[in-house]
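In what follows, a structure is listed as structure tokens, so that the remarks can point back to it.
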6 protein chains.
Amino acid sequence: MAEEDAPLVLYVEDEPAVLELGVSALEEGGFRVASASTGAGAIRQLETPDAAFAALVTDIDLGDNSSGWEVARRARELFPDLPVVYVSGGSAHEWASRGVPGSVMLTKPFALAQLVVAVSNATLERPGPGG
Amino acid sequence: MAEEDAPLVLYVEDEPAVLELGVSALEEGGFRVASASTGAGAIRQLETPDAAFAALVTDIDLGDNSSGWEVARRARELFPDLPVVYVSGGSAHEWASRGVPGSVMLTKPFALAQLVVAVSNATLERPGPGG
Amino acid sequence: MAEEDAPLVLYVEDEPAVLELGVSALEEGGFRVASASTGAGAIRQLETPDAAFAALVTDIDLGDNSSGWEVARRARELFPDLPVVYVSGGSAHEWASRGVPGSVMLTKPFALAQLVVAVSNATLERPGPGG
Amino acid sequence: MAEEDAPLVLYVEDEPAVLELGVSALEEGGFRVASASTGAGAIRQLETPDAAFAALVTDIDLGDNSSGWEVARRARELFPDLPVVYVSGGSAHEWASRGVPGSVMLTKPFALAQLVVAVSNATLERPGPGG
Amino acid sequence: MAEEDAPLVLYVEDEPAVLELGVSALEEGGFRVASASTGAGAIRQLETPDAAFAALVTDIDLGDNSSGWEVARRARELFPDLPVVYVSGGSAHEWASRGVPGSVMLTKPFALAQLVVAVSNATLERPGPGG
Amino acid sequence: MAEEDAPLVLYVEDEPAVLELGVSALEEGGFRVASASTGAGAIRQLETPDAAFAALVTDIDLGDNSSGWEVARRARELFPDLPVVYVSGGSAHEWASRGVPGSVMLTKPFALAQLVVAVSNATLERPGPGG
């Protein structure tokens, strides 16, 4: 349903069932989605020369000994303005110390509307407090 | 469509037709919804020992001599961080004096997308201005 | 699907295919939509004595030598509180100098969820920073 | 130091020493200040036909069986857009249930810079989230 | 009092007495200030090759047939992220239609604390809603 | 000038001259200030059993092989709501990837008014977007 050039979201999640639901909700909302199931795979996509993501959605506890905290940090090193939405069950309490500025935390289990709204908000261009 | 542990919204509305539309829009968005048609009924649910609501949506003019202003105030006494969305036709102008801090006002008749977005925004964890 | 008195959005777009998609997404979300394909047509609707729009969505590059910047400026002269959502491909970089305060910029091609969320956010009553 | 037409703040406080410090900090910042030591006195000033306050600063526990919650609620009935800054020691925890939308809570003892910044922020015209 | 490399504010005002007060308040707060008394003079400074302003403060009704609206628009064409604070007596009502996104409006006569706080807020780096 | 129980700010800075200016500006604004010149010293103060800080201001490049990023992360582990203001010259560009959510970045050399306003904003209680 998403147009060819629609905004592209990178979705990182190691539970296939959760990933599938999330991806299909975002696609129904008109986003294109690239997915990764490991932190290493996500970082590889972020480091691809022509990468052009509109937002990053990342689970915290990824299978491969890596975490969404690391993925987001690397993403922001490469793209300082990239909107970040974290998704987690057990690690939400760590967000205040490990999240990046301006990010959003979605606690699992979440409603799909929350995901779509979080990504939509994050990708709208609005002036920050300083102009 | 909502998962078993999806965020639970308490929806207080005394017009069955409006309640039904609102509940089904929220459920379609993936929220679970508990409903009440009177202020007394809503407060009873809020005071239940294990109550764990993610947000309160409340109409203002409830049938039983009570009002949504009272429901929200009681809710915030019990749960100071509970997100509140008011819904009203004739009483929206009272929000500036009777609403609680950080609440949102939806004027009837509203678009269902406004309801779903208002509840989704309210339940995303984001830093406030002070950190 | 929108109720008779649902919030009315004025949607200004000269590409019929884009307009049709946008209008139907907003209507599915429960908004009523009035549309215009030229700046002059939009301004005529805004100047109609009983005009009561809940929000303005406007493309920037309109066919008739007019632009969305002008439409929004005229709209705000008439209705200083009217929420404004700009939509553009090539002109998004001009928003910082030509947009009105508190507006939002949607870059084409956008996801329909972004449009619906932008309009929903814009039409919720929330206190600004000053009260 | 305040100019003749500088923004006028209504400051309600029943402890003379606190009032004096607060008033002089605001005046040094260039505001004019009208003061009241009771809720009744404050409401009388708010109801004066030509009242034109730029902001309300109110203590919560006022001597005359009234509270700052009531003062602010009455103020907002009369002036829905009036910025409100509450000041309190023991009652700050009630703000979530008894404060008005868009208000700010200053916990006693506060730094005078917090008071001046809170009032300055509240009186700057900025677009709210909806435009 | 401002350090040699302190943030530099461009202050545009054609009333010498107002300019002097504003400049000295900002300097006392630690900002460096460059001033202009006409729109043309301000734009000349903005277009200077090495111009590096931290914020623009501009009166609306400038003597030379130009206006602060034009100065800010030109400033944002050159520096899309430049924080803008407008200052005006009679023209504040035009801000909603003629101001730039993310700007702030200070109504004359203002308190000097409002000016210093407005410029300080505008020059702090904080994440916008989108990250 | 600060009262005995005024809000206490922890200020971490290894350049004595900068520390002295910052501390005295905050004290003039009515804050109490505890200072540390190393990351280790700051973390020791944060871990003190009765620590009760209203805000953390921290330089990034600290002498002892530690950084303000680490100090703030540890502070947020202990106090998830603690407001954080970073101060830096050369490391400001790392804030998007290494800062904590809801923090503010002050670029050196800063104006003292920016510091006082940043700390004042951060310590005012205001509702976040979700209530």
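In case you wondered, yes, glycine gets a Cβ from its N, Cα and C as well.
TrEMBL annotations: computationally assigned, not manually curated.
Here's what TrEMBL has on this protein:
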DOMAIN    B:8-123  domain 'Response regulatory'
MOD_RES   B:Asp59  4-aspartylphosphate
Helix, strand and coil counts within the domain 'Response regulatory' (B:8-123) (DSSP):
51 helix, 26 strand, 39 coil
In sequence order, what residues of the same chain, 6+ apart, have a Cβ less than 8 Å from the Cβ of the residue listed as '4-aspartylphosphate'?
B:Val12, B:Glu13, B:Asp14, B:Glu15, B:Val18, B:Gly68, B:Tyr86, B:Val87, B:Ser88
Could you tell me the mean pLDDT over the domain 'Response regulatory' (B:8-123), as a whole number?
95
